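Enquirer: Annotated transmembrane segment per TrEMBL: 12-31, 65-87, 99-121, 127-152, 250-272, 427-445, 465-483, in sequence order.
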Amino acid sequence: MGIKTALPTAELGLYSLVLSGALAYAGRGLLEASQDGAHRKAFRESVRPGWEYIGRKMDVADFEWVMWFTSFRNVIIFALSGHVLFAKLCTMVAPQLRSWMYAAYGALAVMGTMGPWYLLLLLGHCVGLYVASLLGQPWLCLGLGLASLASFKMDPLISWQSGFVTGTFDLQEVLFHGGSSFTVLRCTSFALESCAHPDRHYSLADLLKYNFYLPFFFFGPIMTFDRFHAQVNQVEPVRREGELWHIRAQAGLSVVAIMAVDIFFHFFYILTIPSDLKFANRLPDSALAGLAYSNLVYDWVKAAVLFGVVNTVACLDHLDPPQPPKCITALYVFAETHFDRGINDWLCKYVYDHIGGEHSAVIPELAATVATFAITTLWLGPCDIVYLWSFLNCFGLNFELWVQKLAEWGPLARIEASLSVQMSRRVRALFGAMNFWAIIMYNLVSLNSLEFTQLVARRLLLTGFPQTTLVILFVTYCGVQLVKERERNLALEEEQKQDKEKPE
């Protein structure tokens, strides 16, 4: 009862009108706040001159984003362009060797960026997990993989290993942690797949080809070894009809998204305002809610751009990489909440689904989520804020199952059965709206700060109750209903497509 249930067109039109008006009103408040705060002392470090010819400053609080598209832009373009060029030449001349070319080019790029000692360090981790895979014990491979990951996340080993990097530069720490952590996950995936399929006799060369594929090396996304190995070893890869058009469209969307973010940051200082709690506290409730929401949307856009660029190159190499994460606007359940689909797939395959099974029993689900978020905590780097983030999201995922079990309980199930299908959808959307804000608040803790999250929660739930709370809940309810309608239309289109493909 829910997604396949249609609502009256007039009702959906009302929801669209309410949501559009609310977003415009919140956006106006954020724009005015950004203009008022542009010259504050607290903003000096992160609001710098931008479009000087129209007097606009730019929010540069995100160090990574600024580095990617300023000082490191040409390096990224050069490295990926070289990869595409050599891959194309190898595919034309000797397609059976293209996986070797990927590995050689990737290893040389890593050595040129981080130095030969860093490359040797990673090779050491690769060899260690390869040797573990020969023993055929999955628990040993996973345990050694987690120990290797911990060595890149905790002192004193992290300080010792970071000394293997040659030279110093702005993105050194980001590239070190990205390359090292993804290497460990890839090696662990290789080891676990080797244990699961001993008859396939994977070699150390297969592992090195997998790990040093440059587009995925530093920032992901991660493909599990079985998928990568099957796709990269196609001797004569063939493109599907319309695939090149899709690749061009994906590349175009990434460029448009980069330009849109650049324009947005000249008018809305959404990353800088939360750092000045006094100023943020003076915002209207609607603007504060919009600020919290926009911080999560930006993080999704950032991930979508990063994976969009990388995936475009991977698609040119005849791979089918993990897609960008689902937009935060379309999320109203914790089960679909993730900001990296590749890591989510890795965790689900090797931990979450392995322990949780069908995810319908309370105790196994609790064990699965605790194990999954324990590994996620290690991946992100253990610290107080990550512990809190993991606990909240682990609780949210389990609480959804508890509510679902409660809804299936006799009396409540009979009450829902007595409702019309449309009313049932409305009731479920109301719970979805509350869940949506739980997702925002729980993730705002790590994406921004605990203090800002507390400010938003206090204003929206305590000082703003009941007027602000109910208005924002209703606006969110309208958004959830529109998302459900889109999901319903997509489901119907898929059914129609499958019906057409069935033989008569």
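From the backbone N, Cα and C atoms, a Cβ is placed for every residue, glycine too.
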Enquirer: Please determine whether the transmembrane segment (465-483) and the transmembrane segment (12-31) are in contact (criterion: at least three Cβ-Cβ distances under 8 Å, sequence separation 6 or more).
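Expert: As far as Cβ distances go (cut-off 8 Å, pairs 6 or more apart), the transmembrane segment (465-483) and the transmembrane segment (12-31) touch.
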Enquirer: In the same chain, which residue numbers or ranges, 6 or more beyond the ends of the transmembrane segment (12-31), come under 8 angstroms Cβ to Cβ?
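Expert: Residues 267-268, 270, 273, 283-284, 286-287, 289-291, 293-294, 474-475, 478-479, 481-482, 485 contact the transmembrane segment (12-31) from elsewhere in the chain.
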Enquirer: State the residues, same chain only, that lie 6 or more residues beyond the ends of the transmembrane segment (427-445) and have a CB under 8 A from a CB inside it; answer 'none' if no residue qualifies.
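Expert: Result: 1-2, 292-293, 295-296, 328, 331-334, 337, 385, 388-389, 392-393, 396, 400, 403, 416, 419, 452-453, 456-457, 460, 472-474, 476-477, 479-481, 484.
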Enquirer: Checking distant contacts: for the transmembrane segment (250-272), what same-chain residues at least six beyond its ends satisfy Cβ-Cβ under 8 A?
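Expert: Apart from its flanks, the transmembrane segment (250-272) reaches 27, 30-31, 33-34, 37-38, 43, 46-47, 50-51, 56-62, 65, 69, 291, 294-295, 298, 301-302, 304-305, 308-309, 311-312, 315.
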Enquirer: When you scan the chain for residues with a C-beta under 8 Å from the transmembrane segment (65-87), skipping those not six or more beyond its ends, what do you find?
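Expert: Answer is 98, 101-102, 105-106, 109, 170-171, 174, 214-215, 258, 261-262, 302, 309, 313, 316-317.
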